[in-house]
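Enquirer: Take a look at this one; I'll ask things after.
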């Protein structure tokens, strides 16, 4: 017997949860399938535990670098990593509980088993068949290992969250968000951490002026940055340490190797070939601006599509899809332009819109004007452990519409959200100039640049 629903959601990550709940709120009969822990990458091995670890690193930096400058004579007797890990997991467990309460409140049925397509509108789960006119694929992605000898001796970001102690010596290989964040956390928690990137700087999609500040801060406080370094081999030694070789003839021996060299979409293992759904050249599921795949009635969003691998993007896309399918908002869709983002580096980076380089490439240098301010945040200014903060506005045309806003420094991670609203609304430099600053704050620099 086939069980009938209005909406089947395959994947219990951020996008799937958001879409399932919104559809049920509009009266749809919804069932969600997830073979792992509810919450997906973000809650279990991504944003949430990463941010907890970043906060732990912030506490360490405060104690080691700034407490003395504020007059506190601090003696650190011990750092118990097990306590941090246990409290982190307890926090995640509470989030799991909130998801379950939300499902119950909205009437979302769920089965914590893997689903598998048997045809474009039917899935099999634990021997039962389920069908619906609308099926969402929100299966997320997974971290990759490089194809080099010995790569299996390293771990990925998933394995980072399984560590039971801070490694004495760590190599992090990669140049994106995950690599920079993990390396920064381990460095702050006391590991001798080395970050290896293949090209001339990490976070190459971010504004160069901002990343230059990050690179300078790494040179002062760590992690040790190695550029133009592409790993070629990993050897496991008799004492379980790892020796990594690079194409620039550099070698390093560490206790822990973390790969952060990219992610791939989860498109196998659930019968996708039975549907006829098309994949992109990169192996992601193709979906259009309305999250439609190539097969009517099947939709895809989040990391499995490779559009923007950010949790709030998946959440918003999922809700908009359900508004369109179950609340008669036929034009509802996510605007993927001007999405703000933050890197929880040390110090944090925030950005929305075009970098200076991309703005010039798109509109021509003659149409772009850039404003920039650099200063020492007050929190770090009392003693010798000063951090630089840089903020930047990229404007277009005579009316100086702000098409890019970028910052690095203490507190930037909490500043960027409010400014992103202004950018989405089309704010100009004059709008910022006409805004009275809040003093003394770091964010006032964005509205006082000349």
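Note: Cβ is positioned from N, Cα and C throughout, glycine not excepted.
Residues or ranges marked as active site, proton acceptor by Swiss-Prot: 439. Residues or ranges marked as FAD binding site in Swiss-Prot: 14, 15, 34, 41, 42, 50, 115, 303, 311, 439. Marked as glutathione binding site by Swiss-Prot: 14, 319. Marked as NADP(+) binding site by Swiss-Prot on the basis of similarity to another entry: 175, 178, 181, 198, 204, 262, 309, 342. Residues or ranges marked as disulfide bond by Swiss-Prot on the basis of similarity to another entry: 42-47.
Neighbours and distances for these, please.
Expert: According to its DSSP assignment, residue 439 (active site, proton acceptor) is coil. Less than 8 angstroms from the CB of residue 439 (active site, proton acceptor) sits no same-chain residue that is six or more residues away.
Under the DSSP three-state reduction, residue 311 (FAD binding site) is assigned to helix.
Counted within 10 Å of its Cβ, the other Cβ atoms near residue 14 (FAD binding site) come to 29, all protein chains included.
Listed in sequence order, 348, 349, 350, 351, 412, 413, 416 are the same-chain residues six or more apart from residue 342 (NADP(+) binding site) with CB atoms under 8 A from its CB.
Less than 8 angstroms from the CB of residue 42 (FAD binding site) sit 13, 14, 48, 311, each of them six or more residues away in the same chain. Under the three-state DSSP scheme, residue 42 (FAD binding site) falls in the helix class.
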Enquirer: Which number gives the other C-beta atoms within 10 angstroms of the C-beta of residue 181 (NADP(+) binding site), all protein chains shown included?
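Expert: Neighbour count, Cβ to Cβ under the 10 Å cut-off: 24.
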Enquirer: Nearest to residue 175 (NADP(+) binding site) by Cα distance: which of the recorded positions 34, 47, 319 is it?
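Expert: The smallest Cα gap between residue 175 (NADP(+) binding site) and any of the recorded positions is with 47.
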Enquirer: Counting across all protein chains present, how many other Cβ atoms fall within 10 Å of the Cβ of residue 309 (NADP(+) binding site)?
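Expert: 19, counting other Cβ atoms within 10 Å of residue 309 (NADP(+) binding site).
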Enquirer: Taking the Cβ of residue 198 (NADP(+) binding site) as reference, which residues of that chain separated by at least 6 in sequence fall under 8 Å from it?
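Expert: Spatial neighbours, sequence-distant, of residue 198 (NADP(+) binding site): 175, 228, 229, 230.
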Enquirer: Just how many other Cβ atoms lie inside 10 Å of the Cβ on residue 34 (FAD binding site)?
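Expert: There are 23 of them.
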